[in-house]
Every structure is written in C-alpha cells, then in structure tokens.
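Student: My questions will all concern the structure given below.
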C-alpha cells in the first residue's frame, strides 16, 4: 500500500551568508489512502537537547499560522502560498547568524506521517578588515604587516600582495594565512610601496590597504643632544622666572613694612602757639600751688629763656624785663619746680 512520502531528500545541509535568502525544501506526494486533513509544521530543533522544539510556521485546516516564533516574524513564509499542491518548502529572508540551527519539516495527512531534518549554517562575510605596520620602517629592520577582520565567520584566510609592479612579495617575506601577519626580514628601500590584504571565508571577501615607507636610520645622537639642550634651557628659564617672582615679592614686602613704620612711629607736628600756651599754663599751675611766703624769694625767669619753638615774640615789640634779685628758695624741700610766670606791664608788654 502506497502512503505519503517526502521527495526533497537530496540535500540536507545549507550554507548561506548573513543577509541573504534561503529556501529549505519540503515537497511531498500524497496517496489515495491519505484522507485526513493536511497539516504541515516547520520546527526549529535547539542545539541543547534539554530545550523544547520551537514551532516556526504551520499550515492546518486550510490556514497558515506564522506567529509562533517572534525572532523570525516578517522574515519567513511558505514558498508556495497553497501548500496543498505538494510544496511545503520554507523561505527565510534576511538571514542572521542566530538563524543557524536544525530545521524539521513535518507533513501529516492521516494515516500518512513523514518528516525531514535540514541543517542551516548562516555565515558572516569578512568585514571591517584593518591593516597595520609593526616595527620601525628603517633599512635593515624586520617589519611586520598585520591584517585582521573584526567580523567574519571562521575559518578566515588571509593573503597579501603588492599593488604596483609584479604584485609579488619580497623574497624574504613570510606569510601566516591564519593570522594575517606578513614578516619582511631585513627590509630595504625596494620594499617600499602599497600592500593589500584580502580576508576571505566560504561566503565572501574583504580587503584593506597599507603604505610602507622604508627609510635610512634616523640620527638618534642628534635628537638626544637636542632634547638635552632643550631641557636645560627650559630649566634655566624656570629658575629665572622663580627668582624674578621671589625678588618682586621681597620688594613689595619691604615697601609695605616701610610704609607701615612711617604711619605708626612718626607723630604729627605740634603748633608753636599751642606749645607755648601749654608751657605757660604748666608754669602757672606749678606756682599756684605755692604759698605767698614762698614766692618772695623767687627770681623771675627771663622771657628770653622761653623755648623759641614754643613761643614767638610779636614783631615790633621790645619788652623791658626787670629780673628780680630775690634769691630762690630751696625748692627741693618743697617738692616744686621753678617756673616763669609771664606778667603784663602798663604799656601792654609781657614781663
């Protein structure tokens, strides 16, 4: 008795690049004995056996259900809009690396039941490949040209070539295809030029360029001497600036101290008239404390003995002094100091 059978069993493994489209085939043939409703399921089998299978899309009771797997919503569809024709193949658009896995197609039409597993591998093309140079680009040195792709599925392979001329690499070069390193031993000026690196895998390629300039050795002695001289000049300038700043601060401090001493130590000048009046007033107060009996022996102090800076005689006046002949008493016993008492004569002059 013939029953349902799947006819697309020739290919079971598929490799595609990221961003491309893949068609997973699932064609079948029904028999006269298969009288039940037609059901078609696509299931993603996880790599971890402990996880459950994930239904991706289903056809049942003449209707398509494609909302089971959110990661592929909008990116998957049946190749034939009417799977009843015997074609239950699945199209996946805009492939991503996460789409890699095992897919199973199940076809049911009672009493017939058949299934088929397909392996899908989504590869990433090499991308963002960068070239660089390691080592000093001087004659006689060993120089390493490096090449690496930041994106790309393994296994990546690298190849170097020169852009100009015969495109052949120097005879002393050594290439590591797995790491992308090109070693140029004992470099000469003939090695100068543009080099390109091509990174490739099973689904694509990418390349980058680098410019190599091999030059004579640099005069390191002159550079070191110049650096030492520059450093010494810089230190001298720094010391000079510090010295000038310190000197200026000392001068400002000295001026401030001198100005402060003048303001506090020098008293204001006194007027002569006030000095004379204070001198005369002090003498009067001293005499006022004596008794009349003690005044008889006092001799009047000549007016000329009054300090000139304390009292000035008016211009045009010539007073006549009449010094007394009375002997001065012993003031030490009295505790008093002899003073002069100015008096006024009849003509108005001071005596």
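Positions of Cβ are set from backbone N, Cα and C atoms, glycine also.
Just so you know, TrEMBL annotations are computer predictions that nobody has curated.
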Student: Looking at the candidate ranges 199-222, 223-246, 247-270, 271-294, report the one that TrEMBL labels transmembrane segment.
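Tutor: It is 223-246 that TrEMBL describes as transmembrane segment.
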Student: Helix, strand, coil: count each for the residues of the domain 'Ig-like' (18-121), based on DSSP.
Tutor: 9 helix, 49 strand, 46 coil
Student: Residue list, the transmembrane segment (223-246) vs rest of chain: Cβ under 8 Å, 6 or more residues beyond ends.
Tutor: none
